[in-house]
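Q: Here's a structure for you.
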Amino acid sequence: MDIRLNQLTMQFEEMTAVDRMTTTINNGELVSLLGPSGCGKSTTLMLLSGLYKPTSGEIFFGDKNVTRLDAEKRKIGMVFQNYALYPHLSVLKNIMFPLRMQKVPKKEARERAIEMAALVRIDHLLKRKPAQLSGGQQQRVAIARALVKKPKLLLLDEPLSNLDARLRLEMREEIRRIQQEVGITAVFVTHDQEEALSISDRVMLMNAGSIQQDSTPQQMYKKPVNEFVASFLGNPPINLMTVERMEARQYKLENSAQMVLLPERLNHERVRVGVRPEDLYLTDKDSGLLSGKVLHIETIGRDTMIRLKIGNTSVRALVDPKHQLQTGDICTLGADRDNIHYFDCDTGERVNVEKEAQGDADTADVEEYA
Amino acid sequence: MAKEALSKGTIYLLLTLGAVFMVLPFLWMISSSLKSPNEVMAMPPVWIPSQLNWDNYSEALRIAPFDKYFINSVIVTVLSTIGELLTTILAAYAFARIYFYGREIVFAVLLGTMMVPSEVLLIPNFVTLSNLGWIDSYKALIIPWTASVFAIFLLRQFFFGVPKELSYAAKVDGCSEFRFLWYVMVPLAKPALITIALLKVINSWNAFLWPLIVTNSQEMRTLPVGLSAFTTEAGIKYELLMAASSMVVLPMLILFFIMQKYIVAGVARTGLKG
Ligand SMILES: Nc1ncnc2c1ncn2[C@@H]1O[C@H](COP(=O)(O)OP(=O)(O)OP(=O)(O)O)[C@@H](O)[C@H]1O
Ligand SMILES: [Mg+2]
């Protein structure tokens with residue numbers, strides 16, 4: 001069952017929590033809703049579940065318009081951030097609850113609940129009360145309860161945020177395993193980019209109620225459609241700087257005398273340039289993008305992170321630790337042209353140069369795709 | 001350490017003294033209820049009766065229909081407690097979870113009524129009931145006491161503490177609002193409900209002024225009223241009066257011993273005395 005959102009909008013008094021959202025979630029996909037706090041992720045999920053009704057716009061489950069359909073009729077399973085298990089019921093009773101509400105006979109409900117408990121690997125805990133379980137176990141119970149009635153759509157609202165780092169890693173793999181084993185369409189809300197990028201087929205990055213980019217994780221990372229997406233993803237964050245054209249490919253860093261040599265000719269007099277720290281490497285002066293003085297060196301795992309001062313901006317780069325660098329050294333950084341992103345100074349939209357890169361660099365003018 | 005032990009000792013000493021003072025009248029009552037008429041008035045007082053006169057109890061029961069009073073008290077207490085629990089659960093849920101126009105104002109007005117001393121309401125309530133023709137009936141004894149703003153307030157606060165996601169989860173699971181209330185909220189609120197019920201039972205069992213006003217016939221009297229009437233009926237037979245009093249107090253004492261844990265927790269919760 002595909003799920004289609006059409007111009008979905010949700011307004012709370014003055015606040016527009018979800019703004020004209022249009023997208024399609026394909027059958028069997030796991031889609032992440034990613035974005036900063038307050039961007040409307042939970043609200044979107046509540047709209048999908050039917051717990052909130054939208055101000056305007058439509059939701060289709062398959063061919064059926066479910067916009068005004070109540071939650072209990074939508075055949076969905078939902079997992080909440082705080083799990084929302086019924087504290088007075090045992091694990092087994094918790095998982096049986098949705099079935100009992102559907103008047104499934106007790107015996108059958110029991111069997112199906114036990115089967116589901118086995119799938120999420122908590123069948124040894126059936127008699128316990130939620131308070132006697134660890135966070136990860138409660139999480140599994142919540143998933144089992146959401147799946148036991150065989151929903152068409154599984155909604156998860158930051159299900160991992162209450163877990164410690166190791167468990168989070170384990171549980172996100174578990175969620176992926178269960179989702180694929182059951183073959184259910186799932187929407188997963190998170191504000192953790194790594195979580196979103198690692199488990200989902202597709203990521204929808206939201207900001208201020210609207211989708212910024214809706215693509216595969218790799219695509220989002222490699223080709224951010226605007227400055228927000230570029231700066232939201234990646235840790236350490238992408239380096240962004242504003243440059244002004246001097247001549248041809250020679251640009252000057254704004255508010256400084258520092259020169260930046262871009263590998264492309266752009267139509268823009270002023271443009272925002274973004275390069276991820278991991279895409280920068282040390283090189284010699286001629287092929288370099290920019291150069292500056294090393295301010296700070298630190299070791300992050302296997303890499304060395306250096307911070308350069310270039311004009312008034314500082315630029316982070318992850319470099320090979322075999323280079324013997326000292327603070328105070330002057331060094332030059334380069335980047336592959338595919339890894340350099342350009343954004344419009346005013347709109348923040350991506351300035352695309354792909355076409356030009358393939359053609360003749362001297363004759364073809366830069367084409368832009370907003 | 002020594003200082004701590006000392007202060008602990010002092011605390012226990014004070015508590016023991018307090019307990020003795022509290023218990024003494026009860027012991028005196030029970031002891032007197034088993035004395036002979038001479039011993040009751042004896043000077044200096046006799047603590048332990050030379051002979052246990054259990055007859056006092058049957059004699060008291062013969063003079064006044066305490067069994068009837070007892071049954072009345074049980075009926076009134078049980079029904080008004082059940083009634084109060086029902087209205088409290090429904091009202092508290094509505095005030096905590098259902099959005100309707102003017103909800104906060106209605107609730108504020110309800111809370112405002114708590115400021116009115118109950119004695120002030122005695123006359124208007126009596127007039128209302130007599131216009132309804134309910135005087136001297138169970139209806140008069142029970143129905144005015146089947147709602148309590150304080151209980152609603154207490155339970156509403158408890159309901160506020162239940163995470164909203166729980167009701168969302170239930171809704172997604174296909175549970176109607178009414179079912180959610182009975183299957184999830186009420187079991188969760190058990191401690192608060194026990195507190196409310198216990199306070200109610202104690203108050204209802206001991207209620208005196210209202211039953212006195214709305215009952216005329218002996219058949220409708222509850223224990224406290226019956227006991228008060230008995231003071232006139234028994235005259236100066238203190239041993240009979242004490243026997244009757246013991247019978248009135250006993251059920252509450254038993255209840256207290258069984259439910260001690262909940263009563264203590266309840267009193268701590270509400271910051272009220274029972
Ligand atoms: N019931 C509500 N009434 C009024 N405003 C609301 C309500 N629910 C959400 N909002 C507002 O809508 C916006 C989006 O909220 P939402 O809960 O969807 O954010 P979110 O992306 O889930 O954030 P978080 O990551 O912090 O959970 C927020 O600005 C929030 O204040
Ligand atoms: Mg949220």
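Just so it is clear, glycine is given a Cβ too, placed from its N, Cα and C backbone atoms.
Unlike curated records, TrEMBL annotations are generated automatically.
The domain 'ABC transmembrane type-1' feature in TrEMBL is assigned to B:70-259. What TrEMBL lists as transmembrane segment is B:12-31, B:69-93, B:105-126, B:138-159, B:180-202, B:240-259.
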Q: If you count Cβ pairs under 8 Å, which stretch among B:12-31, B:105-126, B:180-202, B:240-259 touches the transmembrane segment (B:138-159) the most?
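A: The stretch with the most close Cβ contacts to the transmembrane segment (B:138-159) is B:180-202.
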Q: Look at every Cβ pair spanning the transmembrane segment (B:180-202) and the transmembrane segment (B:12-31), keep those 6 or more apart in sequence, and say whether at least 3 of them are under 8 Å.
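A: Answer no: the transmembrane segment (B:180-202) and the transmembrane segment (B:12-31) share fewer than 3 Cβ pairs below 8 Å.
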Q: I need to check the long-range neighbours of the transmembrane segment (B:69-93): which residues 6 or more away from its ends have a CB within less than 8 Å of a CB in the stretch?
A: 138, 141-143, 145-148, 151-152, 154-156, 158-159, 181, 185-186, 189, 193, 196-197, 200-201, 204-205, 207, 211, 219-227, 247
